[in-house]
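Undergrad: Input: one structure, supplied below.
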């Protein structure tokens, strides 16, 4: 009795808030309504149909906005005389202003209404993805600041839109980052359709900004034309008049900074789209309170040695290779030896990562953990993003394979790039299988272990209380016995006590046997879990270094010149700008999935 009271007093604050909100929720549920389904007899059925209708109409809105923007951007690419880049920027600026109006209204109006947020999705808006929004958002703000400075220096050949567009972009990025960091877990229960349309409009705007960043090579072409102008001067030819950066330090800083931070902008758009999509799925969602306090997995380094050690070695070597490559790339044209060193590092690391992922998948198959079949929009989106982001690197690899096989695959550098492309495809596939399988497994928490130990701990006091009761009854009978009948009863009681004692000893032996077998089973599980943690931690560190290298400037796929000479500058620029941000996003997203596998193994 006392123990149950203590356990109730020690319930966590999260569970108290859940239980306190439960009765209030029952009386404040805002069911969705739609004029299409106003004749439904059941309120719940009308709510479900209205929710589907709202998702359909908001999705159609986003589809039309995306198609309109794609038509503008495609027209700019294929007929830049009819549709200019400035006109595309004006369209996107209008969309940004509309999104800003809705975000401000949500922050100041919708989210502050009574009973607007009754539920919060604990799986949405993880700390690492919110940190990514802040990191990439800060880099995108700095990128737009560099673009403003670059356009201000060349104001004589630039329009005012070149300054206005990045200025609006800075306001939009800061407001959107604040909105996502504060409200990414919301399951909004009021103004359902208006919120869905606002979220879908913001998703469509980010997709169009990502598409424009992939296809817009204005500054890159200006740098190429500037290099050709220098070559013409050395050759003694008269250079053509063009809008080029003057030979000043500040202009070079803006130009180099813009190129260095360019992948962060595309990365920021992809992360924002994923978070906004989860918010869109959670509009009107009602989450049932869990039974008791959910045990949150913790990141502990107990018993993990080999994975961090090998991962640290891979990170240190990768940093050295990256620094040598950057020194060569920034000083002059990278030499052939630098490319050989860069691709050789990948050729050594990728098979180790693939082997670890295959071993982890086999251990998942050997484990007796059930699959988690509960509805989870965040996990479903994680799977879609892993599969979709991997297509960026896989697509680039296949383009490289075709170009290298068609030219000269027997050359040393070409054979290294060919091996790198094949190994990268295999590594992406094996790692995706390992992460997706791990995310769908039920978590091994300490609750199951505590339940077993608690069950044994409850049995032992029961045995002791029975023994104490029998002993006290024996003492009372000896004090009260004064006749032969009482002595006979005492003997019978003693015999019954001995029999019960023997049965209790046998029961104790059985419990010990079960405990020994459980310890053996648990030790086997611990071995499997230890290997899973070693592999997960190793893959986390490897994906971090493979994220750092292309993010902060190492782009050998564009700088080696092999694929660029085969496909042409503009075509290969679009391929790289499409695949490289997806590859960076894949590495970052893989780190989040691997950390979850590590924490729940």
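In case you wondered, yes, glycine gets a Cβ from its N, Cα and C as well.
Just so you know, TrEMBL annotations never went through curation; they're auto-generated.
Taken from TrEMBL, the feature compositional bias 'Basic and acidic residues' covers 474-490. Annotation source TrEMBL lists region 'Disordered' at 447-490. Annotated transmembrane segment per TrEMBL: 56-77, 89-108, 128-151, 163-181, 193-213, 259-280, 301-325, 345-363, 383-406, 412-435, 535-554, 566-586, in sequence order.
For each feature listed, report its degree of burial, its nearest neighbours and the pertinent distances within the displayed model.
TA: With a threshold of 8 Å between CB atoms, the same-chain residues lying at least 6 positions outside the transmembrane segment (56-77) that come near it are 83-85, 87-88, 91-92, 95, 193, 196-197, 199-201, 203-205, 207-208, 211-212, 215, 280.
The list of residues near the transmembrane segment (89-108) in space but at least 6 beyond its ends in sequence, with Cβ under 8 angstroms from a Cβ of it, reads 65, 68-69, 72, 161, 164-165, 168-169, 171-172, 175-176, 178-179, 182-183, 195, 198, 201-202, 204-205, 208-209, 212.
Using a Cβ-Cβ cut-off under 8 Å and counting only residues 6 or more beyond its ends in the same chain, the transmembrane segment (163-181) has close neighbours at 89, 92-93, 96-97, 99-100, 103-104, 106-107, 125, 130, 133-134, 137, 140-141, 144-145, 147-148, 151-152, 155, 202, 268, 272, 275-276.
Same-chain residues lying 6+ beyond the ends of the transmembrane segment (259-280) with a Cβ under 8 Å from its Cβ atoms: 55, 58, 121, 124-125, 129, 132-133, 135-137, 139-140, 142-143, 146, 173, 176, 180, 183-184, 186, 196, 199-200, 202-203, 206-207, 209-210, 213-214, 219-220, 223, 377-378, 381, 385, 389, 550-553, 577, 580-582, 584-585, 588.
Long-range contacts of the transmembrane segment (301-325) within the same chain, counting only residues at least 6 positions beyond its ends with a Cβ under 8 Å from a Cβ of the stretch, are 334, 338, 341-342, 345, 349, 352, 530, 533-542, 544-546, 548-549, 552, 554, 556.
Using a Cβ-Cβ cut-off under 8 Å and counting only residues 6 or more beyond its ends in the same chain, the transmembrane segment (345-363) has close neighbours at 310, 314, 317-318, 321, 416, 419-420, 423-424, 426-427, 430-431, 433-434, 437-438, 528, 531-532, 535-536, 538-539, 542, 546, 597.
Sequence-distant neighbours of the transmembrane segment (535-554) (same chain, 6+ residues past either end, Cβ-Cβ under 8 Å): 260, 263-264, 267, 304, 306-308, 310-312, 314-315, 318-319, 321-322, 325-326, 329, 342, 349, 352-353, 356-357, 359-360, 431, 434, 438, 580, 583-584, 587-588, 590-591, 594-595, 597-598, 601.
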Undergrad: Counting only residues 6 or more past its boundaries, what in the same chain has a CB within less than 8 Å of a CB in the transmembrane segment (193-213)?
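TA: Same-chain contacts beyond the flanks: 32, 54-55, 57-59, 61-63, 65-66, 69-70, 73, 88, 92, 95-96, 98-99, 102-103, 105-106, 110, 176, 262, 265-266, 269-270, 272-273, 276-277, 279-280, 283, 577, 581.
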Undergrad: Which of 128-151, 383-406, 412-435 shares the most C-beta pairs under 8 angstroms with the transmembrane segment (566-586)?
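TA: It is 383-406 that shares the most Cβ pairs under 8 Å with the transmembrane segment (566-586).
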